[in-house]
Amino acid sequence: MEEITPWEYDQVNLICPTYPPSSLPPLESHIIYSVSREEYETCRVTSPSPKIVAVCDRPQEFLYFTITFRSFTPTPGGLEFQPGKDYYFVSTSSREDIQRRIHGYCSSFNMRIIIHVAENSKKLNSSSPEVDRETRQSDGVSDNPIILQTVDQRKLPNVVRKEQRVSSGSGMQSIQTFSTLCLCLSIRFL
């Protein structure tokens, strides 16, 4: 079970799988849904109108989606996250059917993640190797962004993997991982 714990107002980039232009179909595509705990556990999207988090349907283009963990969003229908709550994301797509809502990559490659939004009132233990929120906010940059992968690439044959450091205009450095059969997340702590 993959789980991350961002603070309110942290951001996560969902980075879609990217293939070289010369790659031949079928190429991996995903619809990422926000689902209930039961849907997460069974890899079944049963809601008649599920909440779509991201659509990774252009596998030969670099594509990512930024999620900001905030309790209110001005965007109608946008994602809202309450501190102390758990949120569940899955991709039940398959190579044959991006619209698939049962099993798919969720079952075959564990393409699912739990996001537990940290409570603002709780501080990390200062004796732990992690720093508290005020320290993280002081420089606005995470020197070691966290990369999570929903599948262990060492267990997969013929996986293309490339990592590169990227600097944004704000001076933030992140590692972007491009890989088949892997939905990668990079976290930016504000």
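Just so you know, the numbers here start at 1 and follow the chain as drawn.
Cβ coordinates are placed from backbone N, Cα and C, and glycine is handled just like the others.
Those TrEMBL annotations? Automatic predictions, nothing curated.
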Selected from Cys56, Cys106: TrEMBL disulphide partner of Cys16: Cys56
Secondary structure at Cys16 (disulfide bond), reduced by DSSP to three states: coil
